[in-house]
Ligand SMILES: Nc1ncnc2c1ncn2[C@@H]1O[C@H](COP(=O)(O)OP(=O)(O)OP(=O)(O)O)[C@@H](O)[C@H]1O
């Protein structure tokens, strides 16, 4: 397992927990695999960034864990780009060393902040499920987030109790980044009136995930029963199924076909669902963003990638 370590409280706690679990397994003479601590130096905060790397490397050494690091060749301030650079490094490290898992230390609070961020920026039901606990990167590699149900406060309290220091990232305190603004301004404001808001939102996320799993199972089932041909993708029309399931089925189809979803709005998905439900008889053909052409026949709907 490759563990992404920033030197912050969450990933310090994750690395130590995994190292202890490994030690326990070794003691019981059980196979424990191997751990690699991987740190990506974004190089944005000069000596402070180097000190984070130094801290992470010393922590790994202290626990007898192999340490790998890389430095950004194109330092940038954009959160999404930084995260993508980091993921690329973690995936490369995993592949080069034959690791099957990458572990990240996102906490319950990170999940709640992410959902609030998505909610305000605009999202569908999937975005309200928050960060996934596991995700397949490919057939041989799985991304896991074992700390997702543990609060930031609990993690810090445990580190303090263990006498284990961590690095405080000064850019985490800056409200310049929208995620930090949610963490440092918005959530504390909400908590002045709703002190238990964070665990309450987490429970709503868990509930949403259960709904999502159910809808996904129906969507998968629907595709199996209604897809008549793959090239071009041909589906049987269906007046009985709810729009939510039809939309989830189509979103799965988009993903499997590698079609771009970026410009598909809620209105587009609903229009597509209506085409299946037989309420779109007057429009036999229409186009969707990303070059997908929809042809509506009496008993079938055909989808074609017109850019191919
Ligand atoms: N520079 C980095 N190098 C390697 N892994 C990282 C780095 N920064 C973050 N990660 C991993 O990604 C996870 C989520 O990143 P995020 O920026 O939300 O974390 P963070 O606020 O720095 O948390 P932490 O308290 O773990 O440092 C971290 O918990 C850690 O596992």
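We number each residue from 1, going along the chain as drawn.
Each Cβ is built from the backbone N, Cα and C atoms, and glycine gets one as well.
TrEMBL: automatically predicted annotations, no manual curation.
What TrEMBL records for 2-185 is domain 'tRNA(Ile)-lysidine/2-thiocytidine synthase N-terminal'. What TrEMBL lists as ATP binding site is 6, 7, 8, 9, 10, 11.
Structural mapping of features recorded in TrEMBL.
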residue: 6; record: ATP binding site; Cβ within 10 Å: 23
residue: 7; record: ATP binding site; Cβ within 10 Å: 23
residue: 8; record: ATP binding site; Cβ within 10 Å: 19
residue: 9; record: ATP binding site; Cβ within 10 Å: 23
residue: 10; record: ATP binding site; Cβ within 10 Å: 22
residue: 11; record: ATP binding site; Cβ within 10 Å: 25
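Other residues of the same chain near the ATP site, with their Cβ within 8 Å of the Cβ centroid of 6, 7, 8, 9, 10, 11, are 5, 12, 13, 105, 166, 167, 169. In the predicted structure, the domain 'tRNA(Ile)-lysidine/2-thiocytidine synthase N-terminal' (2-185) carries a mean pLDDT of 92.
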